[in-house]
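Participant: The following feature annotations were taken from TrEMBL:
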- 38-61: transmembrane segment (TRANSMEM)
- 73-90: transmembrane segment (TRANSMEM)
- 96-119: transmembrane segment (TRANSMEM)
- 140-158: transmembrane segment (TRANSMEM)
- 164-181: transmembrane segment (TRANSMEM)
- 207-229: transmembrane segment (TRANSMEM)
- 241-261: transmembrane segment (TRANSMEM)
- 268-286: transmembrane segment (TRANSMEM)
- 292-314: transmembrane segment (TRANSMEM)
- 326-348: transmembrane segment (TRANSMEM)
- 354-372: transmembrane segment (TRANSMEM)
Amino acid sequence: MQRRLIASVLLGHYLSAFTALGIPLFLPRILADLAPDAPGWSIGVLFILPTLCTALAAPVWGYLADRHGCRLSLLRAHAGLFGGFLLAGFSNDLTLFVLALIIQGTFGGAMAASNAYLATQLQDASLSRALNWTQYSARLAMISGPILLGLLTAQGLGLELYHYLAWLPLLAFALILPLPADPARAKPSAASTASPAARLGQLPPDLLRLLAVQFLFCFAMVVTFPYFVPYGEALGIGNDALIGLLYSLPHLVYLFALPWAQRQANNPLLLGLLLLALSNALQFFIGQPEPLFALRLLSGAGMLLGFVGLHRCLSQRSRQGGAGRLFGWYDASGKWAGSAAGLTAGLVSQWCGIASPFLVACVAAFAALLLARSLVACPQELPA
């Protein structure tokens, strides 16, 4: 039963992640069909709009999940993506399309909802492994989505893609529907009923530190993404396919090496952040393309170990009654990091050169390393 539950949640998350992560790459083409006179900067705004809406809404959905059930919240996330994409497919002007993106971001959030639901069904090591696999499904969607959707756009499909993609989160909704509801929580003591927070479940006392590490870690990864193509061209790499492969290498490392990383006994968070900082520093300083392949593999190792370590910290701090808020805030911090990273990448690339985001990423990863030491040294175990 547990394997079927995990498989259903992971497949549902992959379907929604494929939908949400695959299409943004083709926004310029879609916008050219929908509003050919729209200014160039509007592409960037539309790109981050769903992410910003998710960042704002995730803590609220987390609170509601703790009150009304994480399974219900997961169904809401898949239904929200279905509604947003269906409306986008019927958009005949930019205003309706923007509304569809707002619905997608505000009522989506399948990653946080999937993790929160898993936290109500699993504990400790089992939960940590499941969190690694939800991240695996996100990485797989991030790689497969643009490739498969690129084949469809090459056939001339544009805005109508949203019609077809809308059915994927609806299928995810159907996968989650027969799964068990959240287990009943023990009734709080009379002394705790005076506090709404106590009735919902306790959050870890070092939550802010955990969110800061998550923010810096995600920031360090994402800040190098937007300008990787011109960075590769500046190193003398003229083949777009090769640049695409180098861009994808860290995600491929995660996909292939996750089973090995999960078997490690110690929390690898600090080592992952160190490798991420080192690889970004070296990518900033290199002037030739030859070392880039090895450095991208090193970045992938840092990303993999960082995620595995963070998920262990999360599973140690997740307790019944507070999973919705914990994963809501955790997901929101990552979304804010992605938005801030995109803005920062544009500014520093313009002012300091095309390689400068890698130096910024190095500083962010090192700052996360300093903050994470106490998370690993003194894991918080809350009473059940």
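Residue numbering: from 1, along the chain as shown.
Any Cβ shown, glycine's included, is placed from N, Cα and C.
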Participant: Can you name the far-off residues of the same chain, 6+ from the ends of the transmembrane segment (96-119), with a Cβ under 8 Å from a Cβ of it?
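Facilitator: Sequence-remote neighbours of the transmembrane segment (96-119) are 6, 9-10, 12-13, 16-17, 20, 34-35, 46, 49-54, 56-58, 61-62, 65, 70-71, 73-74, 76-81, 83-85, 87-88, 90, 127, 130-131, 134, 138, 162, 169, 172, 176, 179, 182, 314-315, 318, 323-324, 326-328, 330-332.
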Participant: Sequence-remote contacts (6 or more beyond its ends) of the transmembrane segment (326-348), Cβ cut-off under 8 Å?
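Facilitator: Apart from its flanks, the transmembrane segment (326-348) reaches 44, 47-48, 51-52, 54-56, 58-63, 65, 109, 111-113, 115-116, 119, 203-204, 207, 210-212, 214-219, 221-227, 314, 317-318, 356-357, 360.
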Participant: Under 8 angstroms for C-beta pairs, at least 3 of them, ignoring pairs fewer than 6 apart in sequence. Is the transmembrane segment (292-314) in contact with the transmembrane segment (73-90) by that rule?
Facilitator: no
Participant: How about the transmembrane segment (268-286) and the transmembrane segment (207-229): at least 3 CB pairs under 8 Å, pairs 6 or more apart in sequence, or not?
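Facilitator: In contact, yes.
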Participant: Let me check one thing: do the transmembrane segment (73-90) and the transmembrane segment (207-229) come into contact, meaning three or more Cβ pairs under 8 Å with sequence separation of at least 6?
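Facilitator: No, the transmembrane segment (73-90) does not contact the transmembrane segment (207-229).
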Participant: May I ask for the residues of the chain that lie six or more residues beyond the transmembrane segment (241-261) and have a Cβ under 8 Å from a Cβ within it?
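Facilitator: That would be 132-133, 135-136, 139-140, 142-143, 221, 225, 228-229, 232-233, 268, 292-293, 296-297, 299-301, 303-305, 307-308.
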Participant: So which of 38-61, 140-158, 164-181, 207-229 is most in touch with the transmembrane segment (354-372), counting Cβ pairs under 8 Å?
Facilitator: 207-229
Participant: Residues of the same chain, at least six outside the transmembrane segment (207-229), with any C-beta under 8 angstroms of its C-beta?
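Facilitator: Same-chain residues near the transmembrane segment (207-229) but 6 or more away: 240, 243, 246-247, 250, 269, 273, 276-277, 280, 283, 303, 306, 310, 313-314, 317, 326, 329-330, 333-334, 336-338, 340-342, 344-346, 349, 354, 357-358, 360-362, 364-365, 367-368, 371-372, 374-375.
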